[in-house]
Each structure stands twice: as C-alpha cells, then as structure tokens.
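Residues annotated as [4Fe-4S] cluster binding site in TrEMBL: A:C348, A:C408, A:C411. Residues or ranges marked as region 'Disordered' in TrEMBL: A:418-444.
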Amino acid sequence: MARTLAEKVWDAHVVRRGEGDEPDLLYIDLHLVHEVTSPQAFDGLRLAGRPVRRPDLTIATEDHNVPTVDIDKPIADPVSRTQVDTLRRNCEEFGVRLHPMGDAEQGIVHVIGPQLGLTQPGMTVVCGDSHTSTHGAFGAMAFGIGTSEVEHVLATQTLPLRPFKTMAITVDGELAPGVTAKDVILAVIAKIGTGGGQGYVLEYRGSAIEALSMEARMTICNMSIEAGARAGMVAPDETTFAYLSGRPHAPKGEEWNAALENWRQLRTDEGAEFDAEVHIDATSLTPFVTWGTNPGQGLPLSERVPDPEAIADENERVAAEKALAYMDLTPGTPLRDITVDTVFLGSCTNGRIEDLRAAAEVLRGRQVAKDVRMLVVPGSMKVRAQAESEGLHKVFIAAGAEWRQAGCSMCLGMNPDQLRPGERSASTSNRNFEGRQGKGGRTHLVSPLVAAATAVRGTLSTPDDLF
Amino acid sequence: MEPFTTHTGVGVPLRRSNVDTDQIIPAVYLKRVSRTGFEDGLFAAWRADETFVLNQEPFRAGSVLVAGPDFGTGSSREHAVWALADYGFRVVVSARFADIFRGNAGKQGLLTAECEQSDVEQLWKILENEPGTAVTVDLTAKTVSAKDFTARFRIDDYTRWRLLEGLDDIALTLRHADAIAEFEKSRPAWKPVTTPLGAA
C-alpha cells in the first residue's frame, strides 16, 4: 500500500503494535537532553533504581540558561547555576555525553544535533523541548516531549504513542528575492492557525521547499509546533545528503552507501493519501511579521495592524483585542511604522550560519539605529567560530550590534538576555507570547533579513526599505 | 500516580483562548530542579493583576479550570502541568488542547476534558452567574456537570484507563523489555551513536 513519508518512518520504529486502544511502542533513535526539562527525569530514574538504557543514543548540552557573555565565569544566577550543575552531575552519573558551556561543540540542542551529523533521515528524534520538530528537515520523525516522557525514554529508549495524522503542506512556485523560509512558515501558521496542526505531522513539499537549503528547511520544520503540529518533515534529497556527507557522525564508506540506499526510499509514495492537505503559492508570499501574542497572528509587513471589529469569530476577536492591548498597538497603524528598541538575531529557528550571513549582508556598511540594541547570538559555538572565520562578527560589531556567545538567550529569557517591561523587539525567534522574552516585553517575529533592516531603520522594515 | 474516578470542586472560568504554557508558567520558574512547589508560578503574570479570576475569592480555591480553545499551546514544559496540579487543579476543561500538554497532563493525573465550545460557554455562564459553583467531573461516565447542566467530554480510552487505574507508563513499557531488546538487534549498523568519536 502506498504510504506517506511519516508512515514509513513510523512503521520502521514500531517495537510492538498496540492492541485495540493501546498505543504503539515506538523506538527512539536519538534523545537530546538539556538542563531545563531533565533534572526531574533523572531524579525519577534514581528513585526507581533504573539506569539510562542507551547512553550511546543520548546526548546533552547546556543551552537554555547559559549566559551569552562572560562564559568563562560561573553563572551569576544561583538558580540557573544549580540547574546546569545538576545536568553535569546527572550526565556524569548516568554516562551521558555532555557539551557544557564553553565547549567547542556547545550550542542550542537543535543546532548541534544536525551540525554533528547525528540527525539523519528516517530516524526518530525526541527532546524535552517542543522545537525538536527542527530535525524533521532531514526526513526524521522528530518531536518534543514532556519530562515524564524524557524519563520514559531514558529508561526504555521507547515511547508509547498513537500514530500521528498526516498533513501535506505543499508550497509551489518560486519565492521572490527577500522572502525567506521564516516568511513561509509564518504564512503557513497564519493560514492554518495555532491549533490547525494538532495531532498531525506536517510534510512540507513542493518546488519551493525542494529549492530550500537544509538550514532553511530547519527553520520551517522548527516552527511546526507553533501551528500545533506534533512534527514537521521534509523528504530527504540530494540537498540533505550533501549536507550530511562528511559530518562527524554521518556514516562513512560502505555504511554511507547502505544508508543512502535506505534514505532514498524515504519519500511519500505516489498515490499515498494524507489526512489533510494545504496549498500555498510561493509567488504570493512577501516578508511576514507578527502583530499579536501568538504566532498565528501575523500579516505581510506591507499591511496594517488589524481591526478586531472586523473579525467575525468571537474567540478570535477577543484574542485580537487582548493581543493589541498587550502589544500597545492601534488598529490601522501601518506595520512599517512600528518602532522597536531591541532586535534579537538568534535561536533554534534562525541562529544558523546562513541566518547570520543574511543579516550581516544587510548590515555591512550600515549602522544600527540610535536607541536600538541589537543582540546577535549564534546558535552554537561552531556557528560562532564559522561566522568569525568569515569575518561576520566584524560586520555586526562595526554596525553597533552585540556579538554574543551561543545559547537560547532572548528567545525565552531564561538567562539575563531579556526585554524590560514595555520594550518591543523584532525577533528572529519562534514565539511572541506575552512575556516570553521578558516580563511585559512585546515581540514581533521576523526573518533575519527583516531583523537586520529593522535594526537599521528602527521600525519594522525589509532590506528594500533601506534604499 | 493517584487513580482518578470522579472529582468535584470549584469551577474557574478562564475566558481566554490560546492559553500557552508560557502563560501557565513563565520560563523564570523553570530553573528549579524539584518536581513540586510550582504553584507560585501558575499564571504568574496574570495573577499580578488583582482582577484576574484566580484572585477572586470563591475562585481562589478552584480545582476545575474551564478555559477557551487551544489550551496549553507552545513550549513542551511539563512544569505547566505541575503548576496547575500543585495549585490544586485536578481537571482542565477546554474545546481543544495542544498535544504535548495533553500528553503531559495524562502522565501526571491531571484530567484534560475536551468539550464542545458551546458547552464551555454554558459552563462559563453558570460559573460567572454563581461564583463558587461546584463542577463534578466523572471520568467513568465521561461527563462534566454543574447545577442541572451536564455535558459529555472526550478523552482517549487508553489515557482514561491509565487515569482510572493510576498506572505508571514506564512500568507498563518495561513489561515489553524483551521486544525492545529484539528490536535493537535489527537496527542497521549505519545508524549513529552519540559515543564521542575516537572513544572505544
């Protein structure tokens, strides 16, 4: 029978089919661990006297809490320090490989997996973090889990799960210059809503997706969760194989050939049926920006702040009114007139080398506007080193931006990188929730290109606005 | 996990959709390494506003939260479930739950009762007209009721069975340890391991 990509990956990992209402028991190929969602899971193991079943399929890093300055000093916040120390002790005790703060391979968990070549097509990948969907860009089934499930995977290397429904998101046509993967995914979320993907794994396909680099595909898959989806996937192709080839943990020699043969089967069969389908015309897309407090509240940057009165659905109208009140925005204001005080370039969504290159290209020879603070936070130490080898850091510094160390940083403000109450950011991260970047902070989600142009003008802008 | 059969407690109307887990508990409370004591972080930003529903007297002691659609979106933080449970909530009623939140709740004995939005609105009216009204949630019958109003709710049968029995997932899975070991033998050699390169 014809199967979708998601169904093929699922079927290849079923340890045991559930009977009746029972879920399937799914084998997990790779478990990524960080300091925030793991301490209670390791505690659970200790209490039950259970070992980590497969430390060799588990890898940890420090990302959410770590400061992005002075990383050679102990973490100033004692609560953050305790959490990081706890991870170090747990990894030592249970034999899990850890890339701590300062290590050359340290970085955001969803940046380092692909970078090391650990994320490969057809794998199941989990992490106690909802943006695990990032890894689906390789044709892996990758999804976020809670701490109880983290403990479950540590103990059994499996998860009991019912198969996800499948949704095809087909993006055909060519993206206009200046329109990026971030704009595509923000448009997808605005179209299907923050709950539109609930219960589904999304498969992104079509000529616009096929034309994207691996990093751009990761940006798209990363935000699948913002549409409520369990996971997002892109079928692996030559772009995927070229990215993987030569990575530290990619197969070598004969094993590479065996893997490649397997990976080439990982496509949705002709005639396979999805449970739902969405079509998007890539040629219709323009730079996108959010105006509200959930990632579905977005519009093309050329539009105006919407008027809640014009929204028919009562729940959505009330949500829009609350969002505008929180964001301190007036209906009808051109989005381009919105002034920001902070620009954040980074995160597991847009903290990779291509993102930094794109932003640096805009900033080259220009200045960050007076009264705007711009933070550039590479997604990993490797990304940082690569950027420095290309001289990008000099472009950022010359423009007046702050060049930081790697971590999650202002995406969620668990470290000192936060918005102050009332401050407004243009952010390349993934969530514009109330207070997400700091209590009382206001967030507009944007692409790296829009972030850089906004930093120069001080109002939401595209690079075209700079000429 | 404590078995769950029925629960009766004060219903709290939360007239908001898209209540994301950053609202349920902000990231600053996630730095702790303990599994209990998260009640102070519950809706921390909203509770700073004295007009917020949980700051109103009869609702303060609430244990059944009745919320708008798409409850629990965003971050996978199980702390959101711990915060609700530590505060005293046993049930959340909503027309739609985010998948990860629903899964986390099921592991911790917090019941996610999925109702029609029209039923949620009926409950809101009852709870707002008579603050302090008790809501009864019957997991065996899959009903939620207040005063003379009763609505059916949806929950998948497997989660319902685990909640009714108070079963621990890991113990259930370890019954299949042989099947896991068997599966591992068939994994292709080219699949990656995380063992540091160059290490034995």
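From the backbone N, Cα and C atoms, a Cβ is placed for every residue, glycine too.
Here the binding-site residues are A:C408, A:C411; the one with the fewest Cβ atoms within 10 Å of its Cβ is A:C411.
Using DSSP to sort the residues of the region 'Disordered' (A:418-444) gives these counts of helix, strand and coil: 0 helix, 7 strand, 20 coil. In this view, A:C348 ([4Fe-4S] cluster binding site) is surrounded by 27 other Cβ atoms within 10 Å of its Cβ, with every protein chain counted. In sequence order, A:D63, A:H64, A:I108, A:H110, A:H131, A:G346, A:S347, A:T349, A:G351, A:G379, A:G407, A:S409, A:L412, A:S429, A:N430 are the same-chain residues whose CB sits within 8 A of the CB centroid of A:C348, A:C408, A:C411, the residues recorded for [4Fe-4S] cluster being left out.
Reduced to three states, the DSSP call for A:C408 ([4Fe-4S] cluster binding site) is coil.
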